[in-house]
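Got a structure for you, written out below as structure tokens; questions coming shortly.
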Amino acid sequence: MIKSFFKKSIFIVITFTVISFIFSICTSLFQSIIEVNKENNFFLSDKSLKLLVQNIPNLDKSDFKAFQSLNKDILMYKDLSKPIYKGIYFSGDKTPNVPMKNGRFFNRTDFQDNKKVAVIGKEVLKECSDIHGKHYLNTETGQYLVIGIMGYKDKKTYLDDSIYLNLNSIFKENELNFSTGSYYIDAGKDTIKTVNKFTTHLKSKYQSANITSFVDDSIESPFMDILRGTANILGLTILIVLCLALNTVSLTTEWIESKQRELAIRKAYGGTDKAISRRIIIEYELIVTTSFILGFILYVISVKLNILGLFNGRIYFLSTLIAFLFCLIVGAITAIIPIKKAMKLEVSSILR
């Protein structure tokens, strides 16, 4: 029976297996982006602004102190030499609520004392030096004591590969020039006013300064870099899914035509069109469900073995559910039209 089941529907099974696999990848991709953006909310609210600073020879301690005095509730973090390196400063109510696997996040004392301390992701720990039982991170701005490790014990996030340094300790080093670049500023409802004041201060001191502020809808993260790099591939996979979905129409028509004799016999024995149609749709959706399970197994294997280099081994079950519902909907749509056509055929003409 099972052999006969697959023999009659093998091409439908293959098609929906591919559709479910590809669509599971696509929906997981979007869910992971949403989760990354949520994780960025540990640091920034929707009121934050990005400041792009150019043509400034070197900000000094006085500039940073001027910034700190603009608002009692304020947060700034700055991209440093590498994408995963960021300097951070905050005060008042802008203290981030960051998930910590071990240790602690920065506090007011760290900033006041210009301590060379760092908070890192759990994947960065292997790059640190162990000195007398304490972990130290070596950077171009010196050696930093690791006071905390970000992340969760039971799942992976972009925080695992991130490094945050005490911004106060960096501004203390006058010989270092990292002024040009991106700053993220968050002062809640006063962000725009705070940024304008800081911009005015910088332009009054550095006449050649070129400063632009704007809302950054896509906070930089390692995963966003992956998304930009795979945009063309993502578009291509969606196109492939659409083509496969359209191909299911002809495959479904052939499958239902192969069952016309069965349909005619059921009608001859008193079966109603509604009851027969419902039975065929249920049987077809069982084929789709079987195909989805096969596609899901392929999805799990590819993610767990990191074959595609995405998701860090995480399985997104919400995305899987969405992919399953998508397959069921496509299956129902492609089955209804040929079933209606089959129901219009005369029993006598089919059984000749």
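Cβ coordinates come from backbone N, Cα and C, glycine included.
Pulled these features from TrEMBL for this protein:
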TRANSMEM  12-34  transmembrane segment
DOMAIN    94-170  domain 'MacB-like periplasmic core'
TRANSMEM  233-256  transmembrane segment
DOMAIN    237-346  domain 'ABC3 transporter permease C-terminal'
TRANSMEM  284-303  transmembrane segment
TRANSMEM  315-339  transmembrane segment
Return the average pLDDT for the domain 'ABC3 transporter permease C-terminal' (237-346) as a whole number.
79
Under the DSSP assignment, what numbers of helix, strand and coil residues are found in the domain 'MacB-like periplasmic core' (94-170)?
17 helix, 31 strand, 29 coil
Using DSSP, how many residues in the domain 'ABC3 transporter permease C-terminal' (237-346) fall into helix, strand and coil?
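Its residues divide into 92 helix, 0 strand, 18 coil.
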